[in-house]
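**Q** So TrEMBL has the following annotated:
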type     : residues : note
DOMAIN   : 3-150    : domain 'Histone acetyl transferase HAT1 N-terminal'
SITE     : W162     : site 'Interaction with histone H4 N-terminus'
ACT_SITE : E239     : active site, proton donor/acceptor
DOMAIN   : 249-300  : domain 'Histone acetyltransferase type B catalytic subunit C-terminal'
Amino acid sequence: VRFPEDLEDDNTTFNPEYSHQVFGDDEVAFGYKGLKILLYYIAGNLSTLFRMEYTAKVNENFDCVEADDVESKIREIIPPGFCTNTDDFLSLLEKEVNFKPFGMLLHTYSVHNEEAGQDITYQIYKADMTCPGFREYHERLQTFLMWFIETASFIDVDDERWNYFLVFEKYNKDGATLFATVGYMTVYNYYVYPDKTRPRVSQMLILPPFQGEGHGARLLETVHRYYMSSPTVLDITAEDPSENYVKLRDFVLVKLCQDLLCFSPGKLMQGFSQEMVMEAQQKLKINKQHTRRVYEILRLRATDMGDAEQSRSYRLDIKRRLIGPYKKKQRELAKMRRCLRPEELTNQLNQIDLNMQHEQLEESFQQLVSDYRRVLERLAQA
């Protein structure tokens with residue numbers, strides 16, 4: 001909500017992707033007819049209005065059953081101090097002009113908005129719990145995780161190893177410049193013996209109205225650049241990354257790496273090298289596993305897949321990496337031959353069909369190439 005009229009505007013409304021973390025695996029609120037659970041957030045400081053609407057509700061006296069206590073479930077995730085009536089909420093909206101982003105400005109960028117017919121400015125900040133008012137703001141911000149990240153949990157904000165990176169949109173209202181929350185990322189700084197840290201991305205969310213505009217890539221690249229400048233950082237990883245996050249990371253890391261000398265077309269065609277691992281780690285804080293993926297994407301770009309020899313060389317190079325788990329199975333099979341009785345061995349062999357392995361390997365390769373092509377297409381448009 002930026003303007004009072006937004007309260008009645010369905011265009012500013014978005015629905016949760018998940019609600020099982022609040023309402024259980026069935027995602028059901030029992031005992032209501034026409035139930036609407038309404039949560040409004042002021043665009044900048046995220047002050048909250050909670051309302052419930054329904055046309056009918058079961059009654060314990062007449063129906064002998066009790067409706068779910070929806071309000072208490074919502075209260076478990078949104079912090080105290082939220083509004084329950086519109087007038088209080090609108091009076092807070094009038095004070096929104098005083099809201100300013102928290103922490104240190106890291107990056108400013110613009111995105112052209114077709115609907116508005118103009119460029120819109122966004123800013124990325126790094127904050128921590130010492131920023132006045134940030135703790136309370138973060139409590140409101142993290143409530144979105146429960147609706148949009150499937151295995152979300154709230155973090156221990158008293159642990160000083162957490163860093164917070166925030167994206168805001170700048171907009172005008174009655175001649176004043178205001179800020180709207182776009183998304184954020186939390187990063188935990190793990191200690192690595194003897195004197196390094198390994199920042200690990202924990203949570204990342206761009207709010208639905210802003211998705212598909214490239215803010216996630218801007219945020220991840222800004223965070224990488226922030227840590228790249230630190231001599232104590234070893235490399236940057238992610239905790240249990242989603243499929244979408246991996247695609248985003250592929251794009252950002254390839255964009256960062258493509259100008260390094262070790263990734264020149266000539267060197268790419270010679271195969272994956274220790275030089276690539278060293279340069280990507282030292283200059284860009286990228287670990288070996290991610291560097292290998294960057295190499296495969298950039299080598300695909302440098303390869304003429306219409307040339308039989310180049311195409312075969314690329315395919316074999318990728319499959320040599322992909323076959324690792326299958327080779328492990330073969331080693332396990334060799335052990336079985338020595339240890340198991342014939343009938344036990346037959347039973348195990350039935351589970352390890354070599355033809356099926358070859359099919360799975362080819363399927364994995366084709367899927368990987370498809371994913372890599374999408375990264376290269378996005379890179380060409382950037």
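Here the Cβ of each residue, glycine as well, is placed from N, Cα and C on the backbone.
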**Q** With DSSP, how much of the domain 'Histone acetyl transferase HAT1 N-terminal' (3-150) is helix, how much strand and how much coil, in residues?
**A** 50 helix, 37 strand, 61 coil
**Q** Can you tell me the CA-to-CA distance separating W162 (site 'Interaction with histone H4 N-terminus') and E239 (active site, proton donor/acceptor), as a whole number of Å?
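**A** With distance taken Cα to Cα, E239 (active site, proton donor/acceptor) is 13 Å from W162 (site 'Interaction with histone H4 N-terminus').
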**Q** My understanding is the cutoff is Cβ-Cβ under 8 Å with a sequence separation of 6 or more in the same chain; which residues meet that for E239 (active site, proton donor/acceptor)?
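**A** Sequence-distant Cβ neighbours: Y188, R200, V201, S202.
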**Q** Please list, for the domain 'Histone acetyltransferase type B catalytic subunit C-terminal' (249-300), how many residues fall into helix, strand and coil according to DSSP.
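**A** Secondary-structure breakdown of the domain 'Histone acetyltransferase type B catalytic subunit C-terminal' (249-300): 40 helix, 0 strand, 12 coil.
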**Q** Over the domain 'Histone acetyl transferase HAT1 N-terminal' (3-150), what is the model's mean pLDDT?
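**A** Averaged over the domain 'Histone acetyl transferase HAT1 N-terminal' (3-150), per-residue pLDDT gives 93.
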**Q** Let's check the environment of W162 (site 'Interaction with histone H4 N-terminus'): how many other CB atoms sit within 10 Å of its CB?
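**A** Other Cβ atoms within 10 Å of W162 (site 'Interaction with histone H4 N-terminus'): 17.
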